[in-house]
Amino acid sequence: MADIPTDAPEHCPGTTSEQAGKSSACQGCPNQTICASGATKAPDPAIEEIKLKMATVKHKILVLSGKGGVGKSTFSAHLAHALSSGDSKEVALLDIDICGPSIPRIVGLEGEQVHQSGSGWSPVYVEDNLAVMSIGFLLGSPDDAVIWRGPKKNGMIKQFLRDVDWGELDYLVVDTPPGTSDEHLSVVQYLSGAGIDGAVIITTPQEVSLQDVRKEIRFCQKVKLPVIGVVENMSGFVCPKCKNTSQIFPPTTGGAQRMCEELGLTLLGKVPLDPRIGIKNYCSSNLTSAAHTD
């Protein structure tokens, strides 16, 4: 997790480093005294606060990829819709892609606003039992760019987990950005006290995607985050007319199945390309149906 304050000088060693407050870069820094005292190395009190907040959330699932453009946010939306189908489960979808929030558009909530109540921020609802939270709801326009350094992004994720009135949930699905950086470290650390069920890893069949996904899997191993399994997205295209299957992204090295065999992971399923997903106002029932595609 990025531990460099926004007002820190260049070459700051970080507030949790053994050199915090002691290196030459710390001279003149407004944080030098508190860093040198060791107080910044103590566990973030927000971890305990989030643990209490998440006590009413039964299952927490992260959706990771490592590679951009593999359909991770689309799959997150499908998964949330599938889990909430039948009205028997309470589900929430949290978008922590701070710089590229696409969940509001995918679920048809673009332009909605978040409201504040006595118990915190109120999420926006797709259905009575499916809540959504994203920084996209806090922007003045969908075209606004979020140009933030790590500490500010971490602070926003902390607020999403601690200050949103999630209520009692069966599932919290967390959609993450590509990579293994600030947002991923933040959500894993902040949820460390509350417990994470695991991560679902999304990939496409070609090796250029699998390379980055292997890095994501290594990340999960290093931070002791269980991997629930891998989903191969965009796995072939079935022509709606002739019904023949074409491999748009050929699995030249065996695809996700071969990777899972090598790494001892579970292949949860393969989701084909479906042009209907890109159609605006594509109904929730079809999203739910697509989420069950094996």
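Any Cβ shown, glycine's included, is placed from N, Cα and C.
As annotated by TrEMBL, [4Fe-4S] cluster 1 binding site applies to Cys12, Cys26, Cys29, Cys35. Its Cβ placed at the centre, Cys26 ([4Fe-4S] cluster 1 binding site) has 21 other Cβ atoms within 10 Å.
The ATP binding site feature in TrEMBL is assigned to Gly66, Lys67, Gly68, Gly69, Val70, Gly71, Lys72, Ser73. All protein chains considered, the CB of Lys72 (ATP binding site) has 26 other CB atoms within 10 Å.
Neighbour density for Cys242 ([4Fe-4S] cluster 2 binding site): within 10 A of its CB lie 8 other CB atoms from the protein chains shown. Residues or ranges marked as [4Fe-4S] cluster 2 binding site in TrEMBL: Cys239, Cys242.
Per TrEMBL, the feature compositional bias 'Polar residues' maps to 14-23.
The domain 'AAA+ ATPase' annotation in TrEMBL covers 58-229.
Among the features that TrEMBL reports, region 'Disordered' is placed at 1-23.
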Requested in this report: Could you check which of the binding-site residues (Cys12, Cys26, Cys35, Cys239, Cys242) sits closest to Gly66 (ATP binding site), going Cα to Cα?
Outcome: Cys12
Query raised in the report: Rounded to a whole number, how many Å is the Cα of Lys67 (ATP binding site) away from the Cα of Cys35 ([4Fe-4S] cluster 1 binding site)?
Result: 36
**Report entry** Within the predicted model, mean pLDDT of the domain 'AAA+ ATPase' (58-229)
**Finding:** 93
